[in-house]
Amino acid sequence: MKNKPEQNLHVRLSECQLKWREGRIIDLPTITLARGESLGVMGPSGCGKSTWLRWLLGVTQPYVKVTGDIIIANHSLVQRPIEESGIGLVMQEQALFPHYNVVENLMFALAQQKLSRSKQRELIAENLASIGLPDYQQRMPHQLSGGERARIALLRAVLAKPELILLDEPFNGLDQARRQQVCQWTYQFLREQGVAAIVVSHDENDLTLAHHRLQWPQAQQEQRNEALS
Amino acid sequence: MKFRSYFVTTFLAALLLLPWLLSLTGLSAKLPLGSAALWAYPGILSATLQTLAVGLFATLLSTVLASLILFAEQHKPSKLWALTFTAPHLAFAVAFLWLFTPFGWFDRLLPGPWAWLEQQSLITLTLILIIKETPFLVVLGRQQLLQLPYQQWLMQGRSLASSHWHSWWLLVFPPWLRAMRLLLIAVAIYSVGVVDIATLAGPLNPPLLGPLLVSWQQQFDPLSRELAAQGLWLLLALTMIAVGWLYAQEKLIWQIARWRLARVRKSRTSGREIGLITFVKGLRWLLFAATLASGLALVALSVGNGWFHPALVAQQWSWQAAANTLERLASPLLTTLALGLVTAVLVSVALIVCREWQRARGRDYPDVVFMGALLVPQTALVLAWLQTDWLPFSALSAAGSWWLTLYAHAWFAFAYAYLSYAPAERAVTQAHLTTGRSLGFSYWQSWWYFKRPALTAAIGYAFLVSFLVSIAQYVPTLLLGQGYLSTLTTELVVLSSGAELQAPAVAALLLWLLALAAILLCGNIFVALASRRVK
């Protein structure tokens, strides 16, 4: 990946190693992202991409040991709980809380911004209109199409004002035509919002619009001492 | 050979629907209106209010505790709950009363702090119910939780800067409560209509409505019969109130959650919340210790002679008196064992047939259809059966009452066992069975060779649950057995009403050991079968 001038750097992930219990090892290079930039990470299903994303988020995963550092806005985030990391998450599965309607899903993200309820509603109405879904406030997630769900999920993540957003296979389950449309909208929206993002997918077509791309490396097997002797 | 749908439908209808039909025909038209004899009965208002209070408080507090425990044990569920859950409630109650009430063993050790926990009171009964219902809700609540993608919800909630604590209560708890609705209704209905534990630990003068109804039904004068017929309606009305309360509680939780969604939340779990979680984690040890202490107390009481207040230890230890009581309890023990085993076999077969019948019809009926027996107070149902004219005269004979009691045991046990078997069966694919049939095997041959191996543990568990439910049945055995049948549970209630300690302790210990033996045997047999399959 190209080096950027230090002052533009917003997210810096140092060289990182993932080591599974059974001895599988993945080494990742240093990654840097400026605001509004995105990194597309491609690799087959089950190669460890989601495990890495969860580590970035701060989820404890007892079956894998990860070494490396996450620096956002000059602060190290390793060991910080998820809720204090300033990292948002968008997943295709369970993208929204299915038991709350659209406006309630979005209000959950706005809660920490100390806005009055009416101000929250106003902001949500504006943002829904800006993504082309103005009359969707009272709809339940099951009443939305896959593309609509994906857009609202990304809007929800952005409304919480994160420093970095992780998108885990965000376009899965969408048909080909819809997938391309939602994909274009997503990258454009992230750029406009000035949020750094990491998009993980097994389909390289999902990542063509990303600023940087990383092919998930081949796993190596740990050389055990016993085997050497 | 095809799946004989008509034959199976008839079998299931006979097993599951006939009791409902009998109940409907047995309901008398004697509604307890304004001038009914029921309202003139001394203390009826107090009995009604206390019955409702026990039902609502025990259910509410058990639900709160169970939800806190599930939160605290998300990452590492404790197995202690299963051990606490399987102790027979009546046997536990006998030991608990002797240990913790005034003049009990702990009162002798540390006099004073136990004065509020009277031998028979509303608080004592509510406490025992909470101790027994909380592990039940934890064990079954965890199963319900695992059906929800709650970890993804939590992860997303936390990534939106909400603490783990808030994410749990706002995102996971409301849908979990909705998933628990049927189970909570069953618990509330049991608590409102409880008879056996209420007879031992509930208030006297007046007693709760459940024990009152049973005592009226056992009298032969017309007034008592009329009171029983009218009281049945009152119990049903209280049940409706309890169910209404649960719906209102669920609605309220949703409203609070919606209201809190938009409010500023702490992004870190506070010290007070951490303290609460630590307390809840300690609670499992406390309840386990209380259960263990109760088991040990029963052993000590069974062999201790001349153990009078304020002595901490018995004057003499001897198995002789226990052996004499055991001799007296041999017949009830055999009856309990026979009823339990036949019930467990019958229910296991019925469960398998019932699920395969749904598969063959391509329809998965809602669980509520098969759990109906848990959604009406047991006492009300049994009283309605006894009041129907449809029951053949032969059912009142010694042999008839045996079959009638067995039918009731199987019917009630079926509802509990369905709760555990249905989800496990749903998770098993029907593809192997279909492949087997395409190879020329009959439906049931194919089931036996290709599907049963995947269900061995679930069938074993259903067998165990049915057996445990059967040995704990009190009201159906007492009223339908009509004096011809005596089990360990009915004997235990009779023995506990006296002042003697040793005989009820022996009966309670026997009941406990029977349950424990069933758990160990079922566990070993089905683990062996499952491992044989793996080999």
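Positions of Cβ are set from backbone N, Cα and C atoms, glycine also.
Look at TrEMBL and you will find B:45-247 (among others) tagged as domain 'ABC transmembrane type-1'.
Look at TrEMBL and you will find B:322-522 (among others) tagged as domain 'ABC transmembrane type-1'.
The transmembrane segment annotation in TrEMBL covers B:52-71 (among others).
Sequence-distant neighbours of the transmembrane segment (B:80-101) (same chain, 6+ residues past either end, Cβ-Cβ under 8 Å): 69, 107, 114, 117-119, 124, 128, 131-132, 135-136, 138-139, 196-197, 200-201, 284-285, 287-288, 290-291, 293-295, 297-298, 301, 468, 471-472, 474, 489, 492-493, 496, 501, 504-505, 508-509, 511-512, 515-516, 519. Look at TrEMBL and you will find B:80-101 (among others) tagged as transmembrane segment.
Below 8 angstroms of C-beta separation, residues 50, 53-54, 57-59, 61-63, 65-66, 69-70, 81-82, 84-85, 89, 92-93, 96-97, 101, 180, 183-184, 187, 190-191, 194, 197-198, 201-203, 208, 287, 290, 419 of the same chain, each at least six residues beyond the ends of the transmembrane segment (B:121-140), sit close to that stretch. Residues or ranges marked as transmembrane segment in TrEMBL: B:121-140 (among others).
Residues or ranges marked as transmembrane segment by TrEMBL: B:182-204 (among others). Residues 50-52, 54-56, 58-59, 62-63, 89-90, 93-94, 97, 119-122, 124-125, 128-129, 132-133, 136-137, 140-141, 144, 210-211, 213-214, 235, 238-239, 242-243, 245-246, 367-368, 371, 374-380, 419, 474-475, 489, 493, 496-497 of the same chain lie 6+ residues outside the transmembrane segment (B:182-204) yet bring a C-beta within less than 8 angstroms of a C-beta in it.
Taking Cβ pairs closer than 8 Å, the transmembrane segment (B:227-248) reaches residues 27-28, 30-32, 36-38, 41, 48, 51-52, 55-56, 59, 181, 184-185, 188-189, 191-193, 209-210, 212-213, 216-217, 376-377, 379-380, 383-384, 387 in its own chain, all 6 or more past its ends. Under the heading transmembrane segment, TrEMBL lists B:227-248 (among others).
Long-range contacts of the transmembrane segment (B:285-309) within the same chain: residues 80, 83-84, 87, 91-92, 94-96, 98-99, 103, 105, 108, 131, 134-135, 315-319, 321-322, 325, 501-502, 505-506, 508-509, 512, each at least 6 residues beyond the stretch ends and with a Cβ under 8 Å from a Cβ of the stretch. If you look up TrEMBL, you'll see B:285-309 (among others) marked as transmembrane segment.
Sequence-distant contacts of the transmembrane segment (B:329-353), counting only residues of its own chain at least 6 positions beyond either end whose CB sits under 8 Å from a CB of the stretch, comprise 8, 11-12, 15, 405-406, 409-410, 413-414, 417-418, 421, 447, 459, 462-464, 466-467, 469-471, 477, 485-491, 506-507, 510-511, 514, 518. Look at TrEMBL and you will find B:329-353 (among others) tagged as transmembrane segment.
Annotated transmembrane segment per TrEMBL: B:365-388 (among others), in sequence order.
Look at TrEMBL and you will find B:400-419 (among others) tagged as transmembrane segment.
Annotated transmembrane segment per TrEMBL: B:454-475 (among others), in sequence order.
The transmembrane segment annotation in TrEMBL covers B:505-530 (among others).
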